Each structure stands twice: as structure tokens, then as C-alpha cells.
Amino acid sequence: MEIVLPDKSYEIIVKRHAIDSVGECIASLWQNKKIAIISDEHVFPLYGDKIQQQLTDYEVCHYTVPAGESSKSLEMANRLYDFLAEQQFTRSDAIIALGGGVVGDLASFVASTYMRGIAFVQIPTSLLAQVDSSIGGKTAVNSSKAKNMIGTFAQPDGVLIDPETLTTLPELRVREGIAEIIKCGAISDASLWKDLEKLTGIQDLLAHSEAIILKALQVKKTVVEEDEFDNGSRLLLNFGHTIGHAIENTAGYGTISHGEAVAIGMVKISQSAEEKKLSPAGITEKISAMNQKYQLPTRYQPWEAEKFYNAITHDKKARGNSLNIVLLKEIGQAYIKKIKLTEIKDFLIEGK
Ligand SMILES: NC(=O)c1ccc[n+]([C@@H]2O[C@H](COP(=O)([O-])OP(=O)(O)OC[C@H]3O[C@@H](n4cnc5c(N)ncnc54)[C@H](O)[C@@H]3O)[C@@H](O)[C@H]2O)c1
Ligand SMILES: [Zn+2]
């Protein structure tokens, strides 16, 4: 699959055991470069050696960050700049980001800012990173006040996705990725939705991961190609996220995962939209059933509408009095509705 943008195009390879041929892939992209593999403490021990062994034509070094969101910081970026400088990396050298979305966002942020930008390739190893964060060109670190506050738009030279890496991914993380795949089906691919309905559950999905990942990526690709810099239709990817983020922020760190919160967010926004005749009858039931099949939650208790409202308005305050929410016209088709900030309250009233 190719991502085609005005200033850059690049290949996304989705193939079981793709990591076994990473050497060929890199050789087709880069010559005479030093390469830094940036990874985390869980992923590097699993896949780092295998990758390094195939890069014998290059001078290769690696840096392993602690696993988890806290590594997505300016402090960590700074350590990586120092590391690259110590290794005498120049503008013609390159980075491989090997890991989940945290490593992907951090390493691509560093790549896009070190010496005003050096080349990088993404090798996403979590399902969420494979279907979502590794493509689209958004890089980020968190500030002390807010997630993803600091970042750039920077496209990789390539993305190599090996669904086989999901065999070592903890199940909670697999489910998180599935929530984003359900979202992709819901907003713009009824055939992906049907596939998800036909599969019997998580294991069956993993057995068919290549095809499913490709379809989910196709959804993201279309939106990103249309709206590289996130000024319009890319917002569709936010389905379930307005309420999802509010739940995440209110629940407190570690209580609920992003994917679980989004799963609940998709159900809740659809239920309210259904009641207001903004989405067709029965759609909430379909989303709930899909969540249940993949062991994702459908509701959050106790429901704290007031707190969620405060979280949403706090989030949006800087951006004015209105809010764009994403609703479904049907399964496979979403639309954006602009509402007044205060109107979101009506969407948060606890359902039956
Ligand atoms: N740039 C974007 O467009 C974008 C989009 C969505 C999310 N994100 C970001 O992605 C991040 C979340 O990504 P994530 O869910 O992948 O989190 P993550 O990178 O923390 O990975 C989750 C956990 O799984 C481990 N892991 C990853 N791959 C593994 C494997 N194959 N085997 C065993 N363990 C493995 C990691 O070490 C980590 O402990 C967030 O910071 C979010 O902001 C970015
Ligand atoms: Zn998400």
C-alpha cells in the first residue's frame, strides 16, 4: 500500500514475518547511512536482535527507552538528541522506530527535529500502532500539562508492519487496537465491519490480521491523503474520541485504556445521536454487540456526566465555543456535526 502526499509518497508493507526481511526493505530505501534503532524495554529484547542482524551493511546503534507513556517527553527527546550527537549522527543518517505508538511518536518526533529532520522508518509492533499511529505523519511528545502538546507533521520513508509481532502483545493491547479497527469500519468501511461481524472473536481476528490491518489502514490512508494536516475530514477518525478522552481523563491514569474508553465513547455518542434522530435506529445496538464480541466495554459506571462535560469543555476552551462531533449516518459512513460547546451536555445524559 502506498501513501501518496503532495511532498512525499511512501510504501506501507503489511506482511506476516515482514521483520525477517527488514534488511531488504531498508536496503531499498537507504544507502550509506548510520541507523539508530529506537525502541522500548519490552520490544527491543523481542525483535531488536533480529533486525540488527539484517543491517550488517550499516553502522547501527540502538537506544531503549522505558516502556509507557512517560517516555513520550521532551526530556526523553533530549536524551535521544544527545545520544544521536554522541554517535555523530548527521543529517544524512536515519532512525528506525521499533515499538508501539509511544516509541513511534517519540522517535519520529526526534527524527523530525534532530538537525531539522532526518530520515526515519516505522516498524510498529502494537496493533494500535499498526492500524493508527504509525501512519499519518503525526509525531508527538507530551508536555507536563497535556498529551501530544508538542509535535510535528513528518512522514516516514516507509512503514513495515509485521502482524506476527502481535503474538507477543498483551491481550489488553490487542483489544485496544481492535477498538480503533471497529471505529474504522464504523466510519467508512461497511465491508470491514462485515468482516469483523463474521470473525468469531479476538483469536480469529488475529488469524486474519493481515487482511484486517490492511482494510483499517486503507481507511486511515484515505483520510490522511485528503487532509494531511488535520484541518478537515481527518476529524472523522475522532469518532468515539470526544467522550472517550473525557472518560480517560476523568477516570485517572491506568484505570481505563484508551481503546476501552473509545469503545464506550462510540456507544455513548451513537446512543445519544440515535435518541436525537441524528443517527439511525439500531446503530447503538450494533456497536455494542461488536464491542462485546471483542471483549471491549460498552458502558462506564458510575457515569459522571458533569465531570465528562467539564473535561470536554476544559479541553476545547482554547478553541472557541463550538465543537465538531463525529456521528454515524449508517455503519460505514460518518459525518461531522458542529454543535455549540454547551450542547455536548445533551449527548452526555446517561442512557438507559
Ligand atoms: N501519531 C498518531 O497519529 C497517534 C495515533 C494514535 C495514538 N498515538 C499514540 O500512541 C500511543 C499509544 O500507543 P500504544 O498503544 O502502541 O502504546 P505503547 O507504545 O505504550 O505500547 C503498549 C505496550 O505494549 C508493549 N508492546 C508493543 N509492541 C509489543 C509487542 N509486539 N510485544 C510485546 N509488547 C509490545 C509496549 O512496550 C508497551 O508496554 C499514545 O501515546 C498515543 O498518543 C499516536
Ligand atoms: Zn484513538
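Every residue gets a Cβ built from N, Cα and C, even glycine.
The NAD(+) binding site annotation in TrEMBL covers G101, V102, V103, G104, D105, T125, S126, K138, K147, T165, L166, T167, T168. The Cβ of K147 (NAD(+) binding site) has 14 neighbouring Cβ atoms from other residues within 10 Å, across all protein chains displayed.
Per TrEMBL, Zn(2+) binding site is recorded for E180, H241, H258. Under a cutoff of 8 A between CB atoms, and with a sequence separation of 6+ in the same chain, the neighbours of E180 (Zn(2+) binding site) are L127, L128, V131, D132, A216, G259, V262.
Residues annotated as domain '3-dehydroquinate synthase N-terminal' in TrEMBL: 63-174.
Secondary structure counts, DSSP: the domain '3-dehydroquinate synthase C-terminal' (177-318) has 105 helix, 0 strand, 37 coil. Residues annotated as domain '3-dehydroquinate synthase C-terminal' in TrEMBL: 177-318.
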Restricting to the chain of L166 (NAD(+) binding site) and a gap of 6 or more, list residues whose Cβ falls under 8 Å of its Cβ, or answer none.
S126, L127, Q130, V174, L206, S209
Enumerate same-chain residues with a sequence separation of six or more from V103 (NAD(+) binding site) and a Cβ-Cβ distance below 8 A; give 'none' if the list is empty.
I38, S39, D40, V43, V65, S71, A97
Residues among the binding-site residues G101, E180, H241 that border ligand 1 - Cβ under 6 angstroms, in sequence order:
G101
Among G101, V102, V103, G104, D105, T125, S126, K138, K147, T165, L166, T167, T168, the record's NAD(+) binders - longest CA distance, Å:
29
